[in-house]
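My questions will all concern the structure given below.
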Amino acid sequence: MDLTGLLITIVVAFLITVLLSPIFIPFLRRLNFGQSIREEGPQSHQKKTGTPTMGGLMIIFSIIITSLIMASRTDEGINYQVWLLIFVLFGYGLLGFLDDFIKVAMKRNLGLTSKQKLFGQIIIALVFYFILRNQGFSTVIYVPGTELQFDIGWFYAVLVIFMMVGASNAVNLTDGLDGLLAGTAAIAFGAFAIIAWYGIPDHVVAVFSLAVVGALLGFLVFNAHPAKVFMGDTGSLALGGAIAAISILLKLEILLIIIGGVFVIETLSVIIQVISFKTTGKRVFKMSPLHHHYELLGWSEWRVVTTFWLVGLLFAMLGVYIEVGM
């Protein structure tokens, strides 16, 4: 596959999502699968109540179809990596779907309990790990930009679980404003696609990553402010699990912290807020995750989103430079 094939991958995923949306969004609306907005959230968000959610189903469908079509055109073909990535995407997407369904259809605001969600996340991560090890996958981790490497043996299983659970939750936390996650995730997956194509190389993972980029760009047409649909936990958990799986397959476990810098910052803002409030009774931020803090400072939603996109782009460029440029 050449660069034309990579461009076609993005276009195919984009078109599938764009063409599905005018059919699927009204379908979600007829089912009354509307987003409920937290009362303690910014007041400007209350008008979003009832906006169709679970749009992540379109993203997942587009990624799977595009990946299978385009991966078959690579020299590697549809190998175990493709099926592993699809498994993770579908598995975490299913977990998110159950969470969303309980919220919107069964009218339980909290969805799955934290223990139920964590259990599902760990099980999927463990299956992913054992399949990797069965394929003879190395337990060595590499320090980006250096010659340093460490074989961590059985502890690699713990690392995989931590990464997949952590990434899925971090990405989920970032999904709080119109277009915020779709844009930052598209940038992050794009960075991994560049590294997979030019740096590693691993063309199958590059194709999957670009399928995600195309699907997210198509979703942005309907998710940018004012959003006509939300991806819900169905999409955010799937994307978080997938980006962790990609970084593991490419042996870029540490680099995920940089390329996914926006997700890391959003998560840290929540952790800092909770620790500060529990220990001192005071809040560091007006509200967490961090994007809500800037909203309450008076920033428009679009300004917050575009600023986070730019920050995400800087993190992505730094990650690509460390792995490919150096």
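Glycine too: its Cβ is placed from the backbone N, Cα and C atoms.
Summarising the annotation, Swiss-Prot assigns transmembrane segment to 5-25, 51-71, 82-102, 122-142, 148-168, 180-200, 204-224, 229-249, 252-272, 304-324.
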Which residues of the chain, 6 or more past the ends of the transmembrane segment (229-249), have a CB below 8 A from one of its CBs?
21, 25, 28, 35, 51-57, 59-60, 63, 81, 84-85, 88-93, 95-97, 99-100, 111, 121, 124, 128, 132, 160, 163-164, 166-172, 174-175, 181-182, 185, 188-189, 192, 196, 202, 205, 208-209, 212, 216, 219, 222-223, 255-256, 259-260, 263
Which one, 51-71, 148-168, 252-272, 304-324, has the most C-beta pairs under 8 Å toward the transmembrane segment (204-224)?
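That would be 51-71.
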For the transmembrane segment (148-168), find every same-chain residue at least 6 residues outside the stretch whose CB is under 8 Å from a CB in it, and list them.
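Distant Cβ neighbours of the transmembrane segment (148-168) are 88, 92, 118, 121-122, 124-126, 128-129, 132, 138-142, 236-237, 240-241, 243-245, 247-248, 253, 256, 260, 263, 267.
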